[in-house]
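Lifted from Swiss-Prot, the feature list:
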type: ACT_SITE; residues: Asp129; note: active site, proton acceptor
type: BINDING; residues: Ile10, Gly11, Lys12, Gly13, Ser14, Phe15, Gly16, Ser17, Ala18, Lys33; note: ATP binding site
type: COMPBIAS; residues: 400-413; note: compositional bias 'Polar residues'
type: COMPBIAS; residues: 498-511; note: compositional bias 'Polar residues'
type: DOMAIN; residues: 4-258; note: domain 'Protein kinase'
type: REGION; residues: 354-413; note: region 'Disordered'
type: REGION; residues: 489-511; note: region 'Disordered'
Amino acid sequence: MEQYEVLEQIGKGSFGSALLVRHKVEKKRYVLKKIRLARQTDRCRRSAHQEMELIAKVRNPYIVEYKDSWVEKGCYVCIVIGYCEGGDMSEAIKKANSNYFSEERLCMWLVQLLMALDYLHVNHILHRDVKCSNIFLTKDQNIRLGDFGLAKVLTSDDLTSSVVGTPSYMCPELLADIPYGSKSDIWSLGCCLYEMTALKPAFKAFDMQTLINKISKSVLAPLPTIYSGAFRGLIKSMLRKSPDHRPSAAELLKHPHLQPFVLELQLKSSPARNLFPDTNKASCSDDENNWKAKYSKSHSFKVDRIVKVDKVAANNGHPSSTGTAKDYQELLKQPMDELLGQLTEKVVDEVIHGNHSRVTKSPAPTPRRASSTPRIRLEPSKTFHARAAETPPSKCSLERASQPTRRASTPVNMLQTPEKRQGADILTRLKSPDVSVNSPRIDRIAEFPIPSFDDEQLHPTTKLKLYPPSITDQSITKDKCTFQVLRSDSSKNHTGDSSDPSILGTDSNPLITSSSDWMKQRRFDTTSYRQRAEALEGLLEFSAQLLQQERFEELGILLKPFGPGKASPRETAIWLSKSFKGTGL
């Protein structure tokens with residue numbers, strides 16, 4: 001008591017008095033609550049000691065601040081708490097003088113009170129005396145809940161049955177002598193909110209029995225209509241007769257109408273960044289500088305290590321994905337074509353020398369990731385076209401003729417030695433999937449020319465022979481492609497001499513061999529009835545074959561020239577039939 005200076009008495013009750021004091025050292029005002037123990041029942045004494053112990057343990061921004069407590073001469077329990085300059089809520093209601101509070105302010109107060117009660121209920125504490133005179137306002141009009149003289153600590157979620165509190169704020173279950181729990185505080189808070197909203201008590205009567213009847217029946221006058229329906233519904237939900245139907249403090253804080261205010265309070269209550277006094281700024285700055293120096297040192301060591309690793313990797317011939325632009329300036333200045341050519345040469349050499357397993361067993365192309373390693377794996381296959389373009393025409397022709405994407409029925413691989421065929425197969429596996437998967441193969445057929453008749457690599461006595469292919473889907477596609485080429489050429493056949501080899505497509509048709517006898521056999525004389533009969537017979541046989549295999553689309557294309565209004569349809573179809581029969585189809 002010697003540390004405080006008494007300024008004035010600000011309150012008095014049946015159990016004691018409240019004094020406004022000033023701390024002699026801090027020069028800050030506090031409230032000294034003196035609870036008289038003399039001439040009091042044992043229950044009142046226990047209540048005073050309980051309040052002293054409880055208020056010392058409670059720490060919440062919306063509960064009155066605890067400063068100190070002691071027992072003076074065995075006659076008084078002294079509790080020093082924070083001083084609220086704004087007074088209590090009952091005084092604020094009187095000062096309002098029938099001027100309603102704004103809904104925003106009431107919602108803010110409600111959220112603060114709910115946070116205080118939720119803190120107490122989580123810690124199994126019942127206030128049991130929530131009323132307007134125990135709700136205090138700070139200088140900034142913020143809420144502080146006080147007076148824990150009737151509070152009770154429960155060991156768990158048990159209920160209590162003691163009849164304590166202010167009658168006009170008592171809940172129906174307490175008046176009915178039914179055990180009650182934390183929902184009794186929600187009822188009392190609803191009565192406070194009703195009074196703060198309507199500026200009059202929720203339940204008022206001249207005698208105790210009438211008050212009990214009104215509370216038991218939960219008879220309430222309507223709330224002012226200036227407030228929103230959601231806000232009025234919140235207050236009504238807190239004043240429901242059954243405690244099971246009342247929401248808890250935590251549930252009310254989750255109500256959508258109160259969420260903006262909850263968020264605002266959470267932002268305000270976040271800890272400030274500059275909480276250190278001025279005397280510690282020098283030491284903090286020194287620590288920060290030391291930390292920055294250590295971080296920069298470790299970071300520089302990491303960068304040096306990366307550069308060293310990249311240099312070692314460069315010397316060993318392995319590309320590094322962690323290098324910087326400064327380390328690779330010379331590499332970036334080098335033309336991309338040279339880089340791709342070098343990489344392709346290296347990969348092809350490895351493949352030819354026997355390192356086939358890494359190429360042939362590589363997985364299918366997957367979606368490109370952020371790392372650079374998959375990108376390097378795919379580069380050889382993408383750049384192989386550029387490398388192949390630099391080879392001599394004769395070699396390029398042979399290599400392309402052996403690829404499965406050629407879609408020609410000429411068995412060029414029969415002309416190659418086993419060594420050349422093996423190399424061609426390996427190079428074919430390196431081909432990019434863009435040729436055979438992503439792009440139409442029909443468009444790629446024109447890019448694979450047949451070796452010229454004067455090619456030095458071909459044996460002079462060896463002739464290209466036409467072998468009848470098997471009836472498969474691949475041969476079907478080849479026949480279809482050949483059919484389209486021959487059809488475009490045959491349209492020119494009617495405007496010129498039909499015996500001209502250039503008109504018959506000898507330059508572009510991959511089915512033409514190097515034999516002069518074969519060229520003579522390919523010529524079709526329209527005046528020869530024998531050849532026309534053979535052509536028609538071949539047309540019927542081929543049509544029946546397509547019909548038997550249910551290849552109706554190709555059958556429709558074959559019979560389309562026989563439609564009405566076509567220019568020389570019969571000659572075209574007969575010539576095509578002759579061609580198909582000559583190929584063994």
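Glycine residues also receive a Cβ, built from the backbone N, Cα and C atoms like all the rest.
Note that this is a predicted model, so its numbers are computed, not measured.
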Cα separation, Asp129 (active site, proton acceptor) to Gly16 (ATP binding site) (Å, whole number): 17
Maximum Cα-Cα separation in Å among residues Ile10, Gly11, Lys12, Gly13, Ser14, Phe15, Gly16, Ser17, Ala18, Lys33, which the record lists as binding ATP: 15
Spatial separation of Asp129 (active site, proton acceptor) from Ala18 (ATP binding site) - C-alpha basis, Å: 18
Residue among recorded positions Lys12, Ala18, Asp129 with least C-beta crowding, 10 angstrom cut-off: Lys12
Overall pLDDT of the domain 'Protein kinase' (4-258), taken as the mean: 88
Lowest local Cβ density among Ile10, Ser14, Gly16, which the record lists as binding-site residues, within 10 Å: Ser14
Nearest-integer angstrom distance between the alpha carbons (Cα) of Lys12 (ATP binding site) and Asp129 (active site, proton acceptor): 17
